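Chemist: Can you read through this structure? Questions will come right after.
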Amino acid sequence: MDLVQIGSYTFSSRLILGTGKFGNTASMVDAVRASGTELVTVALRRFNREETDHDLFTTLADLDGITLMPNTSGASNAKEAVRAAHISRELSGSPFIKVEIHPNPQHLMPDPIETYEACKILAGEGFLVMPYIPADPVLAKRLEDVGCASVMPLGSSIGSGQGLATAGMIRLIIRESTIPVIVDAGLRSPSEACAAMEMGCTAVLVNSAIAVAQNPPEMAAAFAEAVQAGYRAKAAGIMPKSGSAIATSPLTSFLDTTS
């Protein structure tokens, strides 16, 4: 696959992993390795200065070829997200920040207004900002305009496993964006990740579907293969749909004779 460029960074994998919900750290590390990912997201609250054995920042940073993308999960407004980003950069040394602002725990939908305000500040401060957003083409373009490194529209609600419920809006975002479009949240199966790539997404971020699988490393590998397949299919040129049948070979020419 072609390299993915986000800011000044390049990655060969188009699968990004979340690190929540895993039963234990060993399972998470095994899944990260099996996925071939090079970019993982981790919440600030997973940093533990006192107990380094339970500190995911250190655990993940020690893995070869892994770049950390801290996230602001838990922030309920722009001010909290900006503060979390500053602390995360100090602790991790990473310029990446995934802006997540979902103040209502009942549905965990991202707040578009607070997200925009936080992104405008953080992009101005030199962060590589990757916001988690509703599948809203207007918002996505506004975030591109203020300097975000990518946009991450949801496929469906966090952890719901409802797949690409917002596919139509994601297609519009892809069509209008000049920065990477990464589907985040709601993917349940590798086939859905493949479908996202066939649509033209730059990458996908997966957490729950891998973390809660009976065999997380095997599921991570399956997602990696699906992402590659979807990307290759899109690049190869997918057959257009037709409203009627089209013969794959001539229906009458075999009746013609020259003798």
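In case you wondered, yes, glycine gets a Cβ from its N, Cα and C as well.
Feature list, courtesy of Swiss-Prot:
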type: ACT_SITE; residues: Lys98; note: active site, schiff-base intermediate with DXP
type: BINDING; residues: Gly159, Ala185, Gly186, Asn207, Ser208; note: 1-deoxy-D-xylulose 5-phosphate binding site
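Surface or core, plus neighbours and distances: that's what I need for these features.
Modeler: Same-chain residues at least 6 positions away in sequence with a Cβ under 8 Å from that of Lys98 (active site, schiff-base intermediate with DXP) are, in sequence order, Thr41, Met69, Pro70, Asn71, Thr72, Met130, Pro131, Tyr132, Met152.
Counting only same-chain residues six or more apart in sequence, the Cβ atoms lying under 8 angstroms from the Cβ of Gly186 (1-deoxy-D-xylulose 5-phosphate binding site) belong to Leu154, Gly155, Ser156, Ser157, Ile158, Gly159, Ser160, Gly161, Gln162, Gly163, Leu164, Ala165.
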Chemist: If you count the C-beta atoms lying within 10 Å of each candidate's C-beta, which of the binding-site residues Asn207, Ser208 ends up with the smallest number?
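Modeler: Output over binding-site residues Asn207, Ser208: least Cβ neighbours within 10 Å is Ser208.
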Chemist: If you take the centroid of the Cβ atoms of Gly159, Ala185, Gly186, Asn207, Ser208, the listed 1-deoxy-D-xylulose 5-phosphate site, which other residues of that chain have their Cβ within 8 Å of it?
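Modeler: Nearby residues not in the site list: Gly18, Ser157, Ile158, Ser160, Gly161, Asp184, Leu187, Val206, Ala209.
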Chemist: In the structure shown, with every protein chain counted, which of the binding-site residues Gly159, Ala185 has the densest set of Cβ atoms within 10 angstroms of its Cβ?
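Modeler: Answer by Cβ density within 10 Å: Ala185.
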Chemist: For Ser208 (1-deoxy-D-xylulose 5-phosphate binding site), name the DSSP secondary structure in the helix/strand/coil scheme.
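Modeler: Helix, per DSSP.
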